[in-house]
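Sequence annotations record features per position, and here TrEMBL assigns active site, nucleophile to CYS120. Per TrEMBL, Zn(2+) binding site is recorded for CYS47, CYS50, CYS96, CYS99. According to TrEMBL, the domain 'MsrB' annotation covers 8-131.
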Amino acid sequence: MSKITKTDAEWREQLTPEQYRVTREQGTERPFTGDYQVSEGQGIYHCICCGAPLFENEHKFEAHCGWPSFDRPLAEASVEEHTDTSHGMRRIEVTCKRCDAHLGHVFPDGPSDTTGQRYCINSVSLDYHPNE
Ligand SMILES: [Zn+2]
């Protein structure tokens, strides 16, 4: 998978202001406002910026935190994780490997019967494609 790089002006043209703020400026959507708090069936969540497949609905769980949460990415290779020390916290930021879009953060408080991880992801950074 080759990297996608675009200028800020190109991203601004492609994205809504809210999508731009979250994915290109490390923003966070307000909790309980996103589109993907509840979604049923099977399908794949793609990066809103570049279309890369990132998460599977099968790995989504209800974390009651106000953002869609997954216990793992679709594939190890689809996302990157970075230490983020902004806002006086030490967190692990999750970005799209293909285009570096900010997606959210991963916390080690996920369901202990699976991976134990909680990928807490902004809805606006995702585009859901249900399976046929
Ligand atoms: Zn992307």
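Even glycines carry a Cβ here, placed using N, Cα and C.
Sequence features annotated in TrEMBL and their locations in the structure.
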residue	record	DSSP (3 states)
CYS47	Zn(2+) binding site	strand
CYS96	Zn(2+) binding site	strand
CYS120	active site, nucleophile	strand
Report summary line: Within the same chain, the residues at least 6 apart in sequence whose Cβ is under 8 angstroms from that of CYS47 (Zn(2+) binding site) are PRO53, LEU54, CYS96, ARG98, CYS99, ALA101, LEU103, SER125, LEU126, ASP127
Query raised in the report: CYS50 (Zn(2+) binding site) to CYS120 (active site, nucleophile): how many Å between their Cα atoms?
Result: 20
**Report entry** Under 8 Å by Cβ from the residue listed as 'active site, nucleophile', counting only residues of that chain that are 6 or more apart
**Finding:** ALA63, CYS65, TRP67, PRO68, SER69, GLY104, HIS105, VAL106, PHE107
Query raised in the report: Taking DSSP states H, G and I as helix and E and B as strand, how many residues of the domain 'MsrB' (8-131) are helix, strand and coil?
Result: 27 helix, 40 strand, 57 coil
Requested in this report: List, in sequence order, the residues of the same chain other than CYS47, CYS50, CYS96, CYS99 whose Cβ lies within 8 Å of the centroid of the Cβ atoms of the recorded Zn(2+) site.
Outcome: ILE4, ILE48, CYS49, GLY51, ALA52, LEU54, LYS97, ARG98, ASP100, ALA101
Query - Per-residue Cβ crowding (10 Å cut-off), top of binding-site residues CYS50, CYS96, CYS99 - result: CYS96
